Structures are given as C-alpha cells and as structure tokens.
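Contents: one structure, followed by commentary.
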Amino acid sequence: MKRKIGALEKVDADLTSLQYKVRRDPQSYYEDHQQQYMQYETQRDLLLQNPSTSDDTGIVRLSDLIDFVAHTADCYPKAKATAQFSDDLILILSLHHDELQADLRDKMVGSLVLVRNKDLIDSATLLNTLFPILVSTRSKSLRALLFTKIISDLRSSNVKATNHRLNRTIQTVLFNLLTSDRESAKGLWAVKITRELWKRQIWTDARTVDIMKEACLSENEKVITGGVRFFLGGDKEREEAADESSDEEIDMAKMRHQVGINKKTKKKARELKQAAATVKRKERKNNAPHPLNFSALHLLHDPQGFAETLFSKHVQSKSKLPLESKLLVLQLVSRLVGLHKLTVIALYSYLLKYLTPRQTSVTTFLAILAQATHNLVPPDVLEPLIQKIANEFVSEASASEVAAAGLNAIREVCARQPLAMNDTLLQDLVMYRKSKDKGVQMAARGLLSLYREVGAELLKKRDRGKDATIALIAGGRKEQRFGEETVGDIAGIDLLEKWKEEERRKKREAAGLDPDGSDDSEEDETENWKNWDVESDDSDGSGDWINVESDGEDINISDSEDEKENQPAAKKAKLASETPGPSEPGSKAQSEEPIQKQINRLLTTTILTPADLKQLRALQESAAVKSQMSSSKRAALLAARHADDAITAETIEAAAALGKKSTKEEKLAMAKGDREEKHQSTTAKRKEKKEAAGKSTTNKEKARKKNFLMTLGKAKGKNKRSLVDIKKTMRGHIERSKRGGRRGNRG
C-alpha cells in the first residue's frame, strides 16, 4: 500500500512539473505531452467500458490526466487531440453523468469549463451540454455545481458587451422548456436561472419577462410560485444587489498611508495600483448616464390579456392551488390592474366573499382590493365592497383591531377612487374619530382628512375644516367626475418659477437696480419668441383680432394680451389693482390667471437645463420635508402614494398597531434591546472613527499608554529645572486659572 501511494505521489509530482514545463516551452515538450495524452486515452477507454467502476487507482489517475490535458490544451490549439478532448468530456458527461463517481464527474465539469475559458470551445456548446444535465440529473450536488457554472459563464460572456446571440439562444431554450411540458417541474430551473440573471442585471429585456410570464401560466405549483414571486419581488432584489455592489468602496487615503508607513514591496505597490484602477473605473461608472432599467411589470407585452388569463386559469376556475399560492397570484393580478389601470370586473365580485373578519389572511385580501382600485374602476362596482367592509368590520361590536383595519382598507380604496363613497356611509364612518381606541381614532381621522382633500362636499359643514370650506365657497374645488384625467404637468414647476423670480430680484438688488424691473435678457428673449411667431405665421392672414370658436362662443385674442403678460412685475401689480374686486363676478378667475400664465410660459418658452432639473429636484425634496413635518398633510401624502408601490397587509394593519398595548414581555425585550446598544463617549467615538480610517493617535494619547519606567526620565528632568523655569511654569498656571482653564472661561 505504501509503494502504491508513493508511486501516485511521484506521478502527481511529475505531472505538475511537466505541466509547468509545457506551458513555458510547448514545442520542446510536445512528445512528453503526447505520451501523457495516450495514457489519458487508455484510461478513458477503460472508463467507457465500465463507467460505474470503483477502482480508486484508475479514477485518481484519470482525474489527474484530465486536469493535466485541460490546463495544457491551449498550448497546442491546432492539434486534433485538443478538439477530441473536449468532445470526449461532452460525450462522457452527457451519457454517463449518473453513473460516474462524484469526484471524477466534478473534475470533468471543471475541466470543460476551463477549456471554455481558454476559448477552445464556445459558450453555446458548453451551455447546451450542461443545461440538459442540470434538468435531468438526480444528484443535488451536481445540480448546484452546474447552476453555478451556467450563471458564471453567462455573466462572463456579457461583461465586455452584451452577447445578444448567446442570450437569445439560451432564452429560447428556457422558453421551450417551459412551454413544452407545463406540468413538469423541470421548468423551475428556467425560473431560477432567469431570476438570477435578472437580479445581476445581465438580462433586462422583454424576452426575459416573457419567459417568466410563461412560468406564471404553467400548471406546476412550484413553477407558478417562482414566476409570480419574480414579478412581485424581482425588481426589489435587483435594487438590493445594485446597492450591495455600490457599497464596496476603496479608501485611497488609507491605502496610501499604509503603503507609506509599512515596508515598501512590489506587492504593496501592485495592490495600490489595482485599487487606484478600481476607483477610477467606479468613478467612470458613476459619472456615466444611468441606463433605463424598466420594471418587469412595465415590460409585459399584453398586461390586460395576461391578467385575465392568470385570474381565470389559477383563481376563478377549479384550480388545485392552495390558498397561499392563490393569494400570490391575486397579488400579481391586483398589481397589474392598479399599475396599468386594467379592467377585470370579475376580480371584485370574487373578492366579495372573502371580506369577512374570520377569513384567513383577510388583511391580504383587503390589500389586494385596494391595490386593484384605480380611478377608471366603475364606482358602482366598488360600492358593494365598501359597504360590506363597513358592515363586517366597522361596528361597535367589532374588536378595535378589526375596526381599524376596516377603516384603513376603506381609506386606501377611496384614495384611488373617491367616487365609490356616498355621503351617508361617510358620515357614519367619520364618527369613529371619537372612539376611545387610538387605532380606530387615527384610521377615522385619516379617512376624514382624505375627503377634506378630494370630496369635501360629501362631509357636513362642521367636518369640512377651514381650508376645504373656504375652497368650496370660493369655487376653487372642482367636482371630480368619473374617468376624468388631470392635465399633464411637471410636479413642482411653480416652485422653480418662484425660485427663479427670487434669484432675479436678488441679482437686481445687488446691482442697485429696481428689483421689480425687467431684465434686458428677458425682453430680448420675449422679442425672439415674437419674431419666431411672426416668421412662422407669415402665410396667415394679417389682422388685429383672431376669432376662435369654442363651445359656440367667440374668443378674441389680441396682441395686447401678450404685451400685458410680458410687462414688468410693477406694472402687473398696477394692472392687478385695477381688476374687479372680490364681489364682482370673475374676480377669482382673473386673480388666478397670471400665475397660470407664468407657469405655462415657463413650460412652453423655456428649455429646462440639467441645472434647472437639479434645482427642481432639490425644491421638491425640501417641499416634501416640509409637508412631512406638517401633521395636517399626512393624509394627503398617504392618498398620493405612487402607483408602483405595492400595498401589503402591514399597510392595512398599521392603524391597528397604534392602539395595541405592549405586553410586559415586549416591554422588557425592548428595554434589553436598548441596553445591548454600545453607548460610547464622544472621545471614544472619535478615537474609533480615526482607527477605522487608518489614522494614528496623538503623542499625548501615546504617552498615557507608555510604561511608567519609560516616563521616569522625563519626571526626573522636571526636578533639574532652574528657578527661572519653575517661576515661568507657575505664572502660566496662575494665568490659566484666572482665565478659567486653557480654553478660557467662556461661560
């Protein structure tokens, strides 16, 4: 036995040294390489005669020879043995992957990937070999290995540039795997590969979404769940992966400091050079324009047909899916309906029977209903649902958590379709703001605040509030109609207009000019726009007045109106003072007209530069912070939630959590959690921050840590001072004491 082990070690050493020599000088060691290749062929033929052999000596020898040939194959790219070697590995793995021993099989897979990395075979050949084995093998370890190798190869193939040809080939294979047999669980591997590549932002096109769409329409529960979860959480996973990769930053100052204080070696210099290259590459990536990564829900080709098919196949029909999987499908359908404003009327009647407090996961059903609501859903379809929620959840006999969840769900639905509420039911629900439970109280107040913004006419006068009452009296609130869409506008454009006006006034004040005067540049710009209008309208008939028919009436537009619009602010104020008073009809419309004209002029006559857009974002953020600080506008912010944001069961249960009292155990756990936090002094925090940045301590701090015997000489030196030095020291001490210390008495 010792002789056998010694011989094997000698062979291994010989193969390792021969591999090194072949790579250094391929032509000189060609004959030696051929001899080892002939031994490989002999061992290969023996293996093919009995693939399930358990001869350790032969398997170890074959494994070493395969590794040797794979590492040296690129030294002889034109030899027939190189092409034959990769074909042998593909044949053995394809036919006998279940019979081979695990170590030899893993070695063959690794060698085949190594041959691919040396560009002796292409990625399509490798992936077409590994993917059928991944789908058919029963070995869990082999499946994990193949999955890793496939993802790694696709990733490396798309590093420098997107390999569209390879991507289309693999996407077609995955698509056919899902559509060929919808009842098989093999399609789960297509889901896993696609989801991983989407997460790494390797595949971001519509073909990827079509693969997951077919997975959702499968008949296997695992495949359906995987496809649905991709649409519900794939974008979030992609964002988290991008955030994790951006966190890996290199501190160049720390690297230079360490190189300066440590021993200067070639390795340290090389590491510094690599770190500098990485930093430059990341800077270029950050400064580059960000590509548009569309959400998977936006890349769907036919969202209406997909939502209808998904609902009818997995929910409405007699499907064998459990309730948990059906809830996932319903969440996806509701996301599609709410995001794309689809019309699936059967969904609302289906949800009606599940809106009872005793239903399992009832808050999830309430969130699905709210998510599937938008302003194009007919109000008469939603009225029975709101009425049932009010009857089942919101009553004096219901528990406080149930009532709060019901009121919260009604508010979420009405925030998207306010016309689904009637005044009688609204008055009844608003009365719960006087409840003793805090959760019910806050939920009712949220509903009241919502309708003060979107439908104050449904409330009684005492409940409308000051702002809504004034707006209704002045006629500033227009009654909302079903299907009415708001005019497209840039959010916060009025803030940008005010900021520009303030900056203009500051510049004129700094220059000693009248702040209400007009700039020459503005007059020139207005003149240029007038000239452009004249040049473009030369073919039209000339005249002072233009009559335009609108709703059976003539509207007269003259050049004098444009002149008024372009007048200075002082003249505008003078003209405004001459307009009719509040008692006269049409005074409100005339007071609002200049502001609207200013905004329209900024939108239609000015091209917003990147600096303007940056300032607009800053103004929007500051306005959002102010609105967050104001408690009176929180309900309006909740009502204006973005359509892309998903509503979860936690959103419905949020109000109920306010009134819930913590138990003694929860309070103790919270107190213990606070104690576990690391409380430090300011000096300790500053010291820890310096150490993390790679900086050293001060000489004073180092002196404190010194051994007493090391500081003994300095202490003895103080005793040898002259009387003049001691006098100076004492006088300085007295003066500092009078000042109140070294920093002085600032109190």
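Any Cβ shown, glycine's included, is placed from N, Cα and C.
TrEMBL labels come from automatic prediction, so no person has curated them.
The domain 'SDA1 N-terminal' annotation in TrEMBL covers 68-436.
The region 'Disordered' annotation in TrEMBL covers 504-597 (among others).
Annotation source TrEMBL lists compositional bias 'Acidic residues' at 516-526 (among others).
Per TrEMBL, the feature domain 'SDA1 middle' maps to 545-672.
The compositional bias 'Acidic residues' annotation in TrEMBL covers 550-564 (among others).
Sequence annotations record features per position, and here TrEMBL assigns region 'Disordered' to 659-747 (among others).
Residues or ranges marked as compositional bias 'Basic and acidic residues' in TrEMBL: 662-680 (among others).
In the compositional bias 'Basic and acidic residues' (689-701), the DSSP tally of helix, strand and coil residues is 7 helix, 0 strand, 6 coil. Annotation source TrEMBL lists compositional bias 'Basic and acidic residues' at 689-701 (among others).
Here TrEMBL flags 695-740 as domain 'SDA1 C-terminal'.
For 722-738 (among others), the entry in TrEMBL reads compositional bias 'Basic and acidic residues'. Within the same chain, no residue sitting at least 6 positions outside the compositional bias 'Basic and acidic residues' (722-738) brings its C-beta atom closer than 8 Å to a C-beta of that stretch.
According to DSSP, the secondary structure content of the region 'Disordered' (659-747) in residues is 60 helix, 0 strand, 29 coil. For the domain 'SDA1 N-terminal' (68-436), the mean pLDDT of the prediction comes to 87.
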